[in-house]
Amino acid sequence: MSIHINAKENQIAETVLLPGDPLRAKYIAETYLEDVICYNTVRGMLGYTGTYKGKKISVQGTGMGIPSISIYVFELLNSYNCKKLIRVGSCGSINKKVKVRDIILASGASTNSSINNLIFNNCNFAPIADFELLSSAYSTAKELGINVHVGNILSTDAFYNTREEFWKPWTDYGVLALEMEASALYTLCARHNAKGLAILTVSDSILTGESTSSEEREKTFTDMMEIALQL
Ligand code: ADE
C-alpha cells in the first residue's frame with residue numbers, strides 16, 4: 001500500500017495505462033480488459049487491473065496537472081515496481097499541421113512547471129519518451145493504418161492561459177500541442193529506470209478555437225487505445 005493507492009502487493013501490473021480522468025480508467029477497464037479487479041478507490045482516483053489478450057495490465061487515473069500525476073506515478077514506480085507507464089490523454093494543438101482528432105506520440109515533453117528547476121538546480125532537463133515504447137507505438141500505428149504525429153509537446157501548468165504570447169514561442173520552436181502531465185511522467189520514469197510514453201488525442205486547437213464533439217472523441221480514443229494496448 002502507498003499513501004494514495006490502496007492496492008495489495010502484486011495487484012498492479014508492470015504495464016499501467018494512465019488516463020487523467022478516473023472514470024476513463026473505469027471505462028477502459030470495463031471495455032477492453034477481462035477478469036477486472038478495482039484495486040484503488042482512495043480519493044475516487046480509480047485503478048483497475050485485468051488482462052488484455054492474456055497479458056496482465058492496469059489502468060490508473062492520474063488527475064489533472066503535474067502535481068497530481070506525479071503522486072500516482074511516483075507511487076506506482078516506488079511502491080509497486082511498475083515498469084511501463086503509458087499516458088493515454090488529450091491535448092490542444094498549437095501547430096498548424098496538427099488537426100483536431102489527430103493522434104500524437106510525444107517524443108519529448110517540455111514544461112513551464114518549476115518542478116524540474118528545483119530538481120536540477122535551475123538547469124533544464126529534457127524529459128523524453130522511452131525510445132523502445134515510442135518506436136513500437138509508431139510501428140503499431142503504421143500497421144493499423146493510424147496516422148500519428150511524433151514530436152515535442154508542452155506540459156503546461158495553466159489550462160486557461162491561452163494568450164498568444166504564451167503559446168507562440170512554443171509553436172515557433174515546433175512544439176505540437178499542450179497538455180498538462182507528460183513531462184512529469186517522463187522525468188519520474190527516468191529517475192526510476194522505467195519506460196514512459198504519452199499517447200494523446202487532439203481534442204481542441206488553440207490556433208483555430210475548434211474542438212471535437214464527444215462522438216468524434218470516441219473514435220480517436222479507440223485508435224489511441226488500439227495503439228496503447230499493444231505496447
Ligand atoms: N488538454 C486538452 N486540451 C488542452 C488544452 N487546451 N490545454 C491544456 N491541456 C489540454
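Placed from the backbone N, Cα and C atoms, the Cβ positions cover glycine too.
Listed features, source TrEMBL:
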ACT_SITE  D204  active site, proton donor
BINDING   H4, E179, M180, E181, S203, D204  purine D-ribonucleoside binding site
BINDING   G20, R24, R43, R87, V88, G89, S90  phosphate binding site
DOMAIN    16-225  domain 'Nucleoside phosphorylase'
SITE      R217  site 'Important for catalytic activity'
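Feature map: annotations from TrEMBL on the structure.
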residue	record	Cβ within 10 Å
H4	purine D-ribonucleoside binding site	17
R24	phosphate binding site	20
R43	phosphate binding site	13
R87	phosphate binding site	27
G89	phosphate binding site	24
S90	phosphate binding site	22
M180	purine D-ribonucleoside binding site	26
E181	purine D-ribonucleoside binding site	29
S203	purine D-ribonucleoside binding site	21
D204	active site, proton donor	17
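Counting other Cβ atoms within 10 Å of each Cβ, the lowest count among the recorded positions G20, V88, E179, R217 belongs to R217. In terms of Cα distance, the recorded positions that sit within 10 Å of G89 (phosphate binding site) are E181, chosen from H4, E181, D204, R217.
Annotated pair E179 (purine D-ribonucleoside binding site) and D204 (active site, proton donor), C-alpha to C-alpha distance, rounded: 11 Å. Candidates R24, R87, V88, S90, D204, R217 (recorded positions) were compared with H4 (purine D-ribonucleoside binding site); none lies inside 10 Å Cα-Cα. Nearest in space to R24 (phosphate binding site), taking C-alpha to C-alpha distance over the recorded positions M180, E181, D204, R217, is R217.
With respect to ligand 1, the recorded positions G89, S90, M180, D204 contribute S90, M180, D204 as residues with a C-beta closer than 6 angstroms to one of its atoms, given in sequence order. Within 10 Å of E181 (purine D-ribonucleoside binding site), counting CA to CA, the recorded positions G20, R43, R87, D204, R217 contribute G20, R87.
The secondary structure of G20 (phosphate binding site), as reduced to three states from DSSP, is coil rather than helix or strand. Restricting the binding-site residues G20, R87, M180, S203 to those with a CA within 10 Å of the CA of R217 (site 'Important for catalytic activity') leaves S203, listed by sequence position. In terms of C-alpha distance, the listed binding-site residues G20, R43, R87, V88, S90 place S90 closest to S203 (purine D-ribonucleoside binding site). Taking every pair among H4, E179, M180, E181, S203, D204, the residues recorded as binding purine D-ribonucleoside, the greatest CA to CA distance is 31 Å. Considering only the binding-site residues G20, R43, V88, S90, M180, D204 (active site, proton donor) has S90 as its nearest partner by CA-CA distance.
Between the CA atoms of M180 (purine D-ribonucleoside binding site) and R87 (phosphate binding site) there is a gap of 11 Å, rounded to the nearest whole number.
For the recorded site, M180 (purine D-ribonucleoside binding site), the DSSP three-state label reads coil.
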